[in-house]
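Each remark here refers to the structure printed beneath this line.
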Amino acid sequence: MTFNDKLQAYIQLTRFDKPVGIELLLWPTLWGVLFAAMGQAQQQGAGITAGLPSLSIFVIFALGAILMRAAGCAINDFADRKVDGHVSRTKGRPLADGRLSAKEAIAAFLVLVLLSASLLLFLPIQVFYWSFGAVILAFIYPFMKRYTHLPQVFLAAAFGWAIPMAYVAIQGAPDIWCWLLFLAYMCWTVAYDTQYAMADREDDIKIGVKSTAILFDRYDVIIISLLQTLFLVIMGAVMWHYFAPTSLGITPVFGLALVAMMFAKQNSACASRNALACFKAFLANIWVGRYVFVLIAIACIWTTFNG
């Protein structure tokens, strides 16, 4: 293989050529950063109701999300290297078609984890301790689909772990609102990753891979809808907590109505159980992440300067 061929294989291994996954991790991480900064400002009292995170914190967590998502993809392909070749959507992955070896995938995972760890040098030491949870969850998640029908829960925990880390970095420790935000993220992630699994359900059944799509069976869309509803309710409560004391009041909460409409459209598509329709519904969640980030960011900026 030429250098360019090998480089392309590594890019595909880490999914840098497919930014959808990056966004699904990046935006919720930044939700956590923004809310943690709001909480820190409100804890100071003296009538302060809002605040923004420092640019350095923002950049560190954004880079960390990008690198750890890439690391997660590398270890996922390592875990699935013997089954990806039997799934039409994944048979072209670099480990499945032999362009990269298992050792090269592990090496890529370790390099990306070390690069992510280097960012911790600029954060309080407590964040370093919390980061072990992220690494452990990212490593074990890909293997869970062999033993449980709930690998999506492990994925959600692995990707969502950046939220308590953001609170530790900014506030010193996670609080109840941090964990509610984490729970909301878990609900949303299990919902959209079930949509993703619905696209592969027939192949997964044939090769013995487990997923929530298989577990939920004909109740899949109903349970996805319930999880999305929980996300909206919990996220609404979190927004109420942070923005009710400000000049905006509960106005940002009403902004979640558009998310509800997005979810309704997704579920209408998934009701057909068509693999392509389910995959497109999954992809549509990047707009949920983007929109909620913009909603929170605008509210935080407005309240920081207008009270």
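Every residue, even glycine, has its Cβ placed from backbone N, Cα and C.
In Swiss-Prot this protein carries:
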TRANSMEM  19-39  transmembrane segment
TRANSMEM  48-68  transmembrane segment
TRANSMEM  105-125  transmembrane segment
TRANSMEM  127-147  transmembrane segment
TRANSMEM  150-170  transmembrane segment
TRANSMEM  172-192  transmembrane segment
TRANSMEM  221-241  transmembrane segment
TRANSMEM  243-263  transmembrane segment
TRANSMEM  282-302  transmembrane segment
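Between the transmembrane segment (282-302) and the transmembrane segment (19-39) there are 3 or more Cβ pairs closer than 8 Å, counting only residues 6 or more apart in sequence, so the two stretches are in contact. The list of residues near the transmembrane segment (19-39) in space but at least 6 beyond its ends in sequence, with Cβ under 8 angstroms from a Cβ of it, reads 50-53, 57-58, 61-62, 64-66, 68-70, 73, 159-160, 162-167, 169-171, 175, 177-178, 181, 185, 188-189, 192, 238, 242, 283, 285-286, 289-290, 292-293, 296-297, 300, 303.
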